[in-house]
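Per Swiss-Prot, these features apply:
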type: ACT_SITE; residues: HIS451; note: active site, for 3-hydroxyacyl-CoA dehydrogenase activity
type: BINDING; residues: ASP297, ASN501, TYR660; note: substrate binding site
type: BINDING; residues: MET325, ASP344, VAL401, VAL402, GLU403, LYS408, SER430, ASN454; note: NAD(+) binding site
type: REGION; residues: 1-190; note: region 'Enoyl-CoA hydratase/isomerase'
type: REGION; residues: 312-715; note: region '3-hydroxyacyl-CoA dehydrogenase'
type: SITE; residues: GLU120; note: site 'Important for catalytic activity'
type: SITE; residues: GLU140; note: site 'Important for catalytic activity'
Amino acid sequence: MIYQGKAITVKPLEGGIVELNFDLKGESVNKFNRLTLSELRAAVDAIKADASVKGVIVTSGKDVFIVGADITEFVDNFQLPDEELMAGNLEANKIFSDFEDLDVPTVAAINGIALGGGLEMCLAADFRVMSATAKVGLPEVKLGIYPGFGGTVRLPRLIGCDNAVEWIASGKENKAEDALKVGAVDAVVAPEQLQAAALDLAKRAVAGELDHKARRQPKLEKLKLNAIEQMMAFETAKGFVAGQAGPNYPAPVEAIKSIQKAANFGRDKALEVEAAGFVKLAKTSVAQSLIGLFLNDQELKKKAKKYDEVAKDVKLAAVLGAGIMGGGIAYQSALKGTPILMKDIREEGIQMGLNEAAKLLGKRVEKGRLTPAKMAEALNGIRPTMSYGDFGNVDIVVEAVVENPKVKQAVLAEVEGAVKEDAIIASNTSTISISLLAQALKRPENFCGMHFFNPVHMMPLVEVIRGEKTGETAIATTVAYAKKMGKSPIVVNDCPGFLVNRVLFPYFGGFAKLLSFGVDFVRIDKVMEKFGWPMGPAYLSDVVGIDTGHHGRDVMAEGFPDRMAVEGKTAVDVMYEANRLGQKNGKGFYAYETDKRGKPKKVTDPQAYEVLKPIVVEQREVTDEDIVNFMMIPLCLETVRCLEDGIVETAAEADMGLIYGIGFPPFRGGALRYIDSIGVAEFVALADKYAELGALYHPTAKLREMAKNGQKFFG
């Protein structure tokens, strides 16, 4: 053995070729943490010092190669002063460069996935051979940063600027055949042949059949582009990528700038350029928010995994109520491999549900994401019915009938009589109390909420709601089923609106206040979209449905009269009374026309302003900053209350719920991280400036205490 550590070993194979093997003890995957980096330093030094070594193959002892840097460790480094962070980055890069500069040929054998630092390790090798099932990529831009272990330097010199920009700026994972096509790898082989193929490549290089020094040379030099070619390549790329990423996500454009700036330098100077840009991005609030999101998501997955021990296996599911929502739930279940009964009392409802599922599956086939055979398999997994005949075999039932407590209670009691005693029943209600609905059931311990968001196939969040009498098996099974459907479940406790709608309606409350002061809803939408929301509150109201918003507002006002009840009529009341229900009937705040693709397109409608005139109580001058504060303060404070009331267990879950459920701007990290970014004391002071607007703007006593003590929600 040439070197043995806890993450890396180097052992002789044959003919002077050694295997540098990554196999991090106690972990299911390999990652670059401090231990792995320090051992790589030692392993490279050991290889360099051993005159008998004639070649190196780099392998993994796990099912994947290396998933990248351990962000939980490296995020602490981002708090260091710029000079220290840059020095640390360059020190790590020296390890990869020293590996690249070994006198002997090096071959990386890529299995599973090689992402971020994992791919950068492979780029430092002379040759790369890849398993046909493996994927490679540089996903750092998704964390608000860019590759920091030489990725922006080596990749463009290997596969050309255009390809490298696409890989780095998109952050996507690339299949083996695509990597081979652009020249990122030298060979693709069947998984079982990977080790032998890597060894063969190394032998050929040792024998002089392959010139490893010639392969290495382009990575050490400047880019092979003249000044005009550089200008055309980089300026076009920056314009296109900036348009795609938008102004709130600087990392993709910064990556291109770094590649451009380093284009005329050799490797070592180019790595300094990369490090300087990396440090600049690491210090941005966007990077802190997106890394925070990543860590929150990891926490969510860990929590959801804990329920697996108690969860029952769901072999057959059912949905009550077809239509668009029921069809969406059936589609998602069948697509992910759980067959589902879809029951409705009307033939038209069943047809609508089947049409919805077929349409969604058809779109996947069109995009090449599903084979026609798999589409047929998924469609066969949806079994329409108008009776409870087969419900005796069902493991979980999702009730998705009309949002009316009496109707839901009647349907739930009916289905309870048709299923086996240990079947789980879940209601897809968005606002009705789970404990109230449970009163109609004989086995309330088997009942919980399972709130999907519309459209089901696009929205990742599922709220799993625990009622007063809900048992752990019901929660665990519902969480496991949601995960199996490809969703991100969050367990919340019962209250009006649960987590997401409880937080959303105060946001709409802020919108109502602005409208009552005569502020143009088109302006409000523009300001909030600029803030980072996918759509402004007027457009969102139209998409959700004014009638849905009207009903939800009444439920929330009843549940929280101290701050959500309103005096007199608001915008949603007059819109509802004028039968302007939003997209569903072609007129709401906006009017809707059908575009060439048959999709609704919003246009301003003077009639909407006439409808709103009676609710304007005064004309008030407000700045764009005021608009943001009117909207965001109530949303943030209600999120704080949900955490304090135990509706949601952790700050991470609260923030992820808003990002996955209502499209809270990811680069701002969630409502609680947004408060942290302003500063808790500063946020409390800001809210106090708007105190005259009512209780929605009044911080809680506990938040004031946090402000006084200098506390934060994260870190």
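Placement of Cβ uses the backbone N, Cα and C atoms for every residue, glycine included.
Here ASP297 (substrate binding site) is compared against the binding-site residues VAL401, VAL402, SER430, and the shortest C-alpha distance is to SER430. Counting in whole angstrom, GLU120 (site 'Important for catalytic activity') lies 53 from VAL402 (NAD(+) binding site) by their C-alpha atoms.
There are 10 other CB atoms within 10 A of the CB of VAL402 (NAD(+) binding site), with all protein chains counted.
HIS451 (active site, for 3-hydroxyacyl-CoA dehydrogenase activity) sits 6 Å from SER430 (NAD(+) binding site), taking the C-alpha atoms as the reference points. Between LYS408 (NAD(+) binding site) and TYR660 (substrate binding site), the C-alpha separation comes to 26 Å.
Across the region '3-hydroxyacyl-CoA dehydrogenase' (312-715), mean pLDDT in this model comes to 96. Of all Cβ atoms in the protein chains displayed, 29 besides its own lie within 10 Å of the Cβ of GLU140 (site 'Important for catalytic activity'). Put simply, ASN501 is the one of the recorded positions GLU140, ASN501, TYR660 whose Cα lies nearest to the Cα of GLU403 (NAD(+) binding site). By neighbour count, meaning other C-beta atoms within 10 Å, the densest spot among the recorded positions GLU120, ASP297, ASP344, GLU403 is GLU120. For the NAD(+) site listed in the record, the two most distant Cα atoms among MET325, ASP344, VAL401, VAL402, GLU403, LYS408, SER430, ASN454 lie 20 Å apart.
Listed in sequence order, the recorded positions from GLU140, ASN501, TYR660 having a Cα within 10 Å of the Cα of SER430 (NAD(+) binding site) are ASN501. Across the structure, ASN454 (NAD(+) binding site) and TYR660 (substrate binding site) are spaced 11 Å apart at their Cα atoms. Secondary structure from DSSP puts ASN454 (NAD(+) binding site) in coil. A separation of roughly 43 Å, to the nearest angstrom, links the Cα atoms of VAL402 (NAD(+) binding site) and GLU140 (site 'Important for catalytic activity'). Between the C-alpha atoms of ASN501 (substrate binding site) and MET325 (NAD(+) binding site), the distance comes to 17 Å. Here the binding-site residues are MET325, VAL401, and the one ringed by the most other CB atoms within 10 angstroms is VAL401.
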